[in-house]
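Following: one structure in structure tokens, then a few remarks.
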Amino acid sequence: MALSFSFFSPALPIHRSIICQATTTLSTAAAAAPSISSPSAAAALSCALNCSHFQSCSGCTQEYDLHRPVIIDDAIAFFNKLGVKDFSFDSCRLWGWRCRAKLAVRGSSNKPLIGLYEEGTHNIVDIPDCKGIIELNVEPYDEDQGTGDLRYVQMAVTTHDTSLPIPERYKNGKVQVSLVWNSRSENSANTGKLNALANFLWGNGGPKRKVHLIHSVWANFQTSSNNIIFGNRWRHLLGERDFWEHIGGIDVSLDPSSFGQANTRAFDSLLRKLQKYVPQGASVVDLYAGAGVIGLSLAFSRKCSSVKCVEVNKESRQSFEKTVERLPTNVESNISWHHADASIEPTSWLLGSDVVVVDPPRKGLDPSLVKELRHVSAMECRASKRPEKVKDEKRPWVLRAREAAIQIESTTVREESQSLPQTLIYISCGWESFKEDCSSLLASKEWHLHKAHGFNFFPGTQRRFFNVTGCSIEILAVFKRGRGESTKKKKSGKKQKRPH
């Protein structure tokens, strides 16, 4: 197998209008208009994908105007209707941005196929020259028979080396390779080929080579016949065990099994923007938290009094713990990570928090959480009648400020503070689901939309939602309690006088 990655550079500054990063001029007319005018033909060509696989590969659906996803017009109209006239969009880096990929392996040992599927099929759009598979006679996976050795390959790039200046980190990034092997464990009969393939990769891209490309090699063991890529069993084979990235101002640990953003620099830009909307010293709850990257970055950057990270996937805890160990010593927040479903008794997570951060999957917020947010004013009354013990968890992880020891508690007790959240920060990767959740929250009159920003996390790519395919954007929306200034004006447009 031959590996080739192109690394991305830091994104350019955000502008109120959308411009192609291949051009240098910003149209003043476009900047002043609430909608964005169509780019010139030259801009469209300079922001083209230029990929020879576009016609057959399912990975991308937009060949031109990568800086301007087709969904943008809908987003501008939606937010304009809600009174957000200054919606901004960061086109981000248009090429060489991807730092994470999962590729299927099919074909035969003498003619392996590695790549993404063709649209609507399980036929591989091949990335050629997989030398290791051919030389070592590794048998690609056969979906129909359930036979073969190598099912998938995941590759993740780490650019984190704080000894280098930021621009140099991206030129010296390394790849963590995970081989999804068709066996139950490392003791299966075909794992000899697994070790041989790992050694081949390490020998051709490890530290003894002129170009040190490989960070580490991992194995995942999966025998299921469904479409789930990874099994539950992982094994570290070669290279460094810990995988680090610098995001949101902190060092972040990511295991091969952890969810990681494919566009790290765009995610970092979003986090830097998000941090500005969290007051210094606030109490924050981070729902759908994963490994706690958002919550921990806020603990550092905004000196939060407390940060609670709530995540249903227990595998994320190890990455969370490693990240906490690298937090600067001046972070004095009460930090906790809870293995729990945020949709169950959401009041217990919301109560006592000034700021709620939600980063749900593509389907959007769980209905029970939306319902609770729609009736947040009634929360305090209900909470006062609840027993002290509101959560039964499997040993939530708690780090208390100014204490050297990590404390593990058997239950999570109700917060002493009965304050209600005043800010809701919603990060969305599913545009249609966000519109539904947003409309529902605003209809309750409990919240108003304060700010909205878009980020081009996946230039040219598609996202699928309820069998509807289209280009998507990442949304950062900030909601505030109450009806907002625009709804407090009289129909004549004059401001109401405040009573003395």
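Cβ from N, Cα, C; glycine included.
TrEMBL entries are annotated by machine, without manual review.
A quick note: this is a predicted structure, and the numbers were derived from the prediction, not measured.
What TrEMBL annotates here:
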BINDING   Q261, Y288, E311, D359  S-adenosyl-L-methionine binding site
ACT_SITE  C429  active site, nucleophile
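Here the binding-site residues are E311, D359; the one with the fewest Cβ atoms within 10 Å of its Cβ is D359. Largest CA to CA distance in the S-adenosyl-L-methionine binding set (Q261, Y288, E311, D359): 17 Å, whole number. Taking the centroid of the Cβ atoms of Q261, Y288, E311, D359 as the S-adenosyl-L-methionine site, the other same-chain residues with Cβ within 8 Å of it are F259, D286, A289, G290, V293, I294, P360, I427.
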